[in-house]
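Reviewing the structure listed below.
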């Protein structure tokens, strides 16, 4: 029997006694108090045994063997009183993903050599933008006061576009870490997610991150949290996720303060889906939290909202990689594979139950994903239309909120009208299409869903400006409004109020949350936000202001359709719906831009902005004049007049039958301008 040393983590060397066999190595981990801190995930009593099978002839376990043993240790069933389900709430760039990385590392869930920044963020796009787009989950094992605990971290996106996914993640937890940057303080989106957490009755643990920064003011931020949110910060944890300060205190607080799940194992199965994604080999993989009952491999399961049933081919836990188990009980978090073909069959927020013993009621809070922002996507190369369709279908397998339908334009050919949750969602989908599928795209100006009340009492929902009914056929038009909350330093209150009023905002209230920061609330049309509102907000506040919005419903507005005509022909992709008061300024800006960009023709080209048959703004592109008199060296004037008359007749005929080709660059520049001026 040989005595060897194995490095368990960054700070511990543990003597191991090994017993060599040809095909089986048994590791007996002994407890050495002076060597191994009690907070370590590998701290255990004398009876603990980790068995692993490996092909070995030397008796010395490899790093892979040890990782396998540690993984099996995390799979061990723990009593429900020792389970803790929690998530992390934070504004963008307040250190949520860094803290999650450090928790995974400190609990030994991920070895240091495997560690990379934003470990739970799998997409390159997430790492580049520094945001979380898709949810992830991780099961960690942590030993506290000689007792093993199972900690389930459910990662959440922080952006307002994904607030529904955040709400379903919170519903799968009993507690939340509220992470606030100690140098910046409370931000608008943090506030919105905290209110969601309070609605779900979660135990909230305040964590002040980035205390190592020179500008950190933890005492001021504590006071701000107490005043703005109303949370007691006397026991707030000060930490630096980057430097690893305060991580042990956070883990201890999760065990001490987050309540365990209710013991409802005897009830019929009810499991909440908080995420799903499409795997090309196994179909849809569903992430879920078991609320009541238990689920076994091979069970016939039923999705209560989609009314579909499947057999659970594989179930397991996320640690953070998928590890198979035979059964999951109430309170546990895991995944399942059931050869599901479409993400639409297993939507976020749906309830899983047994087919033979259905639950009486589904879990509350399920909503269909409703697109709020629409735009047209057209391939620059018409030959890429089928590739664009295939790419959208593949993205939709992973993203049930993405909607699309074919659209045809005289100017840009065949494309798709796509619906998104919000502007960030739209940008992410466009970037993924271009990056992952090598497509070159033209996007039309984003629009929202308008509700049109027609004279025959029909109600039509319209997201495409070119499909808006004629003025004589509609009685009124309604548009979606949002309630927007701006958090800003007091120096920028005036300029941000001016911005909101420029965008048809209706002032609701303003309050000072601290001596130097204010919260301003407005109601304004969603259409006014889908342009450059966020860019203007950051520009006018020098980056210090933040915002959060919620849709409050539809209101009637004085809206009209503004058409652009070139040489008398309407250009459908440039049509837009605007408020009557802004029609002239938008029309003038678009016609002037087109005049700069369209190449001159052999005949005069009028560029007009029209409301119905009425022209409200017009520019003319002067003709290229060919010198037909160049070959005349004098002589009779009638010869020159005849040539000029013939040229004028030709230009008149050309103007009647000629077509003006709007170059691709002009389209892209004007569409960009539309996004800015609307």
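From the backbone N, Cα and C atoms, a Cβ is placed for every residue, glycine too.
As recorded in Swiss-Prot:
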type	residues	note
TRANSIT	1-43	transit peptide
DOMAIN	81-262	domain 'tr-type G'
BINDING	90-97, 155-159, 209-212	GTP binding site
Task: DSSP three-state assignment for residue 90 (GTP binding site) - done: strand
Open item on the list: Using a 10 Å cut-off on Cβ-Cβ distances across all protein chains shown, tell me which of the binding-site residues (90, 211) has the largest neighbour count.
Closed with: 90
TODO: Report, as a single number, how many Cβ atoms besides its own are within 10 Å of the Cβ of residue 96 (GTP binding site).
DONE: 27
Task: residue 93 (GTP binding site), number of other Cβ atoms within 10 Å - done: 13
TODO: Would you mind checking how many other C-beta atoms are within 10 angstroms of the C-beta on residue 156 (GTP binding site)?
DONE: 28
Task: Average pLDDT across the domain 'tr-type G' (81-262), rounded to a whole number - done: 80
